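Among the features that TrEMBL reports, repeat 'PPR' is placed at 55-85, 86-120, 187-217, 218-252, 289-323, 351-385, 458-492. Look at TrEMBL and you will find 675-705 tagged as region 'Disordered'. Among the features that TrEMBL reports, compositional bias 'Acidic residues' is placed at 679-689.
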């Protein structure tokens with residue numbers, strides 16, 4: 001229709017002599033609206049044959065329309081042929097260049113421009129800001145202001161966008177100062193841009209102040225503040241602002257709903273999410289929005305409702321890599337890694353986020369070998385791994401206690417240039433993962449070296465080292481590092497204190513342990529949790545302070561669980577306190593009567609004291625209650641192959657050689673005075689059948705397990 005109309009006017013133009021070029025300008029305006037390069041060239045051909053061919057006004061319009069139709073070369077040729085140019089001529093071509101992404105050419109043209117005006121500067125500021133060249137955009141703002149040009153709403157809007165992109169708070173505050181002195185201090189669009197800028201800089205209070213100070217608000221203002229809270233927290237405030245928006249009668253759009261659904265996903269607020277979903281279902285425009293659909297899939301996936309997520313996914317008319325990645329992540333988090341892998345393999349397009357989601361799923365499900373295999377595929381397909389990729393892969397190596405693989409991953413990290421510093425993508429996350437991996441693999445020297453080389457450290461860095469030292473038996477080193485942490489100004493958290501208490505336990509520092517336990521509340525303002533009480537019980541139990549440990553458990557502000565009682569029961573076994581052991585075992589069986597641990601420990605205690613009748617009674621009680629002791633398992637890696645052994649295992653191909661060595665070791669141990677834990681001083685011939693079989697079982701447990 002538009003082209004037909006333009007053609008009709010062209011026919012008339014061929015038959016009549018226009019008094020001015022206005023009809024041609026109107027035709028070019030139609031071409032600009034339809035973005036028709038063909039019709040623009042046809043009109044240009046007509047103009048060339050008229051007296052208006054050299055008119056600056058109509059030539060400027062042609063350059064402008066060629067630019068809007070994407071015909072940069074045509075615009076440039078016309079510019080070069082013009083005998084006379086004015087400021088609008090330059091501005092038209094500069095605007096065309098910036099919008100087409102030819103920023104360096106636009107900059108050269110701007111420098112050669114005889115008299116740039118406000119529009120010239122605005123074109124440069126907007127063009128550079130839109131192409132993420134934020135620093136240069138702000139340089140033009142500074143130059144514009146320095147040369148005395150008035151900054152208008154277009155300048156301010158682009159400048160705030162550049163500040164948001166740079167997270168440049170200092171410049172953003174200066175721009176706000178200029179806005180407050182201008183005619184645009186109450187402009188609703190500038191207010192919304194200020195909220196967005198403060199949001200992206202993470203300054204939530206300033207964003208809220210701007211919002212509250214606005215006399216007029218539009219949907220963009222509300223969306224900017226909701227998104228601010230959704231991305232920076234507290235996320236619950238995003239829902240509060242949304243409710244307030246609804247109370248004011250402002251109708252939400254798809255951007256509003258997508259942000260609110262994302263907030264629901266972070267909060268696992270499924271009830272509120274269902275309400276938003278109901279609103280989406282009622283509106284066709286919302287149902288077809290891919291961003292909102294992706295947010296709903298992500299919300300249900302994060303809430304563990306994978307079936308609901310799949311229903312939304314299947315109902316989406318348009319899907320993209322984000323939709324499919326959300327489903328991969330949802331399946332992975334629900335421990336359905338097979339379904340996640342199937343979705344992953346059918347994806348038309350895969351990005352690094354998709355790979356990361358599946359790798360994380362395998363790691364979290366304990367399928368660490370699969371995670372490592374997927375990492376190899378990722379490298380083979382030339383996908384550039386991120387910090388999150390390496391974090392998960394190092395976690396897999398730590399779970400496998402595979403130091404060799406961990407070192408290989410470390411080499412990959414170094415090849416990618418990660419230097420373990422805080423930034424937009426924090427290298428420190430990878431540094432912490434490396435420390436954790438080395439410590440869990442028992443290589444404290446390597447872990448310490450990574451820690452020392454980290455340019456910046458956070459709470460997690462210190463905790464990984466302190467806990468790692470404690471777990472590897474370096475109690476003194478852990479406590480020394482804790483003192484360094486305090487001197488550095490880093491505040492300890494509950495994880496730190498678990499590491500400190502474990503270190504005291506392994507080093508036998510009972511007085512220091514008591515001091516650190518009570519300093520949690522008195523010095524650091526941290527209320528002890530169950531884990532801290534368990535550490536203290538372990539510390540006291542190792543030192544033989546069994547009554548103190550029992551009293552500590554019974555004065556806990558929370559209900560003692562099986563773990564803390566089991567820690568005391570183990571101490572009772574070590575110190576052969578059968579009376580307290582019986583009491584603790586009864587407590588454990590009240591909590592979890594199906595757990596074999598208390599039965600086995602109590603049975604072992606009786607056996608050590610030679611009370612074989614009680615041993616038989618405990619074992620009989622286990623059988624009556626259907627309690628089964630899971631056999632112990634050991635493994636060893638030789639030349640990359642892992643050999644696994646169960647108690648009384650006879651399946652290994654080299655079982656004869658293994659048991660031959662075991663018998664020889666047992667003889668040597670006895671010669672140097674080793675006495676099996678389950679035995680007593682009687683000769684084997686004098687023991688009952690029950691005693692003998694039990695002792696043999698415990699000998700194998702001690703030697704093999």
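Each Cβ is built from the backbone N, Cα and C atoms, and glycine gets one as well.
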Secondary structure content of the repeat 'PPR' (187-217), with strand meaning DSSP E or B: 23 helix, 0 strand, 8 coil
When counting Cβ pairs under 8 Å to the repeat 'PPR' (351-385), the leader among 55-85, 289-323, 458-492: 289-323
Secondary structure content of the repeat 'PPR' (289-323), with strand meaning DSSP E or B: 26 helix, 0 strand, 9 coil
Positions on the same chain near the repeat 'PPR' (458-492), where near means CB under 8 A and six or more residues out: 422, 428, 431-432, 435-436, 438-440, 442, 444, 447-448, 451, 498-500, 502-509, 512, 524, 526
Within the predicted model, mean pLDDT of the repeat 'PPR' (187-217): 93
Tally of residues which DSSP labels helix, strand or coil - the repeat 'PPR' (55-85): 23 helix, 0 strand, 8 coil
